[in-house]
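Take a look at the structure set out below.
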Amino acid sequence: SMASPALLMRVVASAYSVAEKAATIVRNVMAAGDLGIVEKTGANDLQTKADRLVQMSICASLARKFPKVTIIGEEELSTDEVNEELIEDGHCEEILKNTCPAQYTGIKEEELVIWVDPLDGTKEYTEGLLDHVTVLIGIAYGGKAIAGVINQPYYNYQAEAGAVLGRTIWGVLGLGAFGFQLTEAPAGKHIIVTTRSHSSTLVNDCISALNPDSVIRVGGAGNKIIQLIEGKASAYVFASPGCKKWDTCAPEAILHAVGGKITDIHGNPFQYNKEVKHMNSAGVLATLRNYDYYASRIPNNVKRSLVP
C-alpha cells in the first residue's frame, strides 16, 4: 500500500485550500463594501475586516488539522470562537502527489512554525490597488522558511471577461515552486522594486546608490517577490525596518525554491523559529539572480543605519 504523505506535504496541501478560502473572504469583504478599517499605529498601518476574518479562518483551520504546530499571525486576535463558516477542511490533491524532499520526511508537528499574513498590502487593498494584495502562509522548520503559499485574490482582475480571478502559488525547498511561469528579468537591466507607502531618505538613498534603470513602487512583500520570479524586477530592496517575519516567510520559501535569495540589508538570513522577534529590523534585499551584484553595492551608511 502507499505510505501516507509526509506531514510537510499535508500541511502545504491544506494551506493551499485554506489560502483559496482566504481569497474568497477577501473578495467578499470588498464586494460587500464595508471594509471596517481600523488604524493600528497610524495611517500607513491599517487593519480591515478582511485581515481579521482571514486570519481567524487560516489559523483556526490549520490549528484544527495540525494542533501541535505553532501558528503566528500578524493580527492580535482571539481564535476561541470562530464561526464554522470560516473553517476550511479541504486540501489540494495535486500537492499530495509530490514526493516530500527526503530531508523533511521525518518532521513532527511540534517542529513546524507557520507564519501568517492574512492580507499583505492592506493599505493598497483599501485604496483599490487590488493586484498588490496577497495572502501569505509560510512554513518554517529549524528556524528556516522551507515551504510557502502565496495567494493573489485579484490576479487577473483587470483581464478580459472569462479570465479566472485569483491564483495560488506554492513551493517547497528541494521540490520547486508552482502556479506561475518562472521568468528572469531582462539581462543587464537593473530594475528595483521597493515600497510604495513606507519610503524614506534612507530607502531612496540606498536605491540611488544602486544606479537603477528603473524603480517600481508597489505594496506588499508577497507582491514584490512575485515581481522577481516573474521577471518584472531584478532586485527587491527595502532599506528600512518595518517588514515582519509573516511578510517574508512564505515569499522566501518560494524564492529560495527557485534558486533566488533573500536576506536583510547586511546579508544575514532571516530566522523563523517561534521565539524570534517579529520585526526584520535590518531591511530586505532579494533577487532571483545576481544577488552579489546588488549586495556589494549597498552603501555603508545604509548598513550602519540598519541594526539587525
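From the backbone N, Cα and C atoms, a Cβ is placed for every residue, glycine too.
TrEMBL annotations:
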BINDING   E74, D117, L119, D120, D247  Mg(2+) binding site
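Those same-chain residues not listed among E74, D117, L119, D120, D247 yet with C-beta within 8 angstroms of the centroid of the Mg(2+) site C-beta atoms are D51, V116, P118, G121, T122, T134, V135, L136, G220, A221, G222, K244, W246. Annotation for the binding-site residues E74, D117, D120, D247: lowest Cβ count within 10 Å of the residue's own Cβ, E74.
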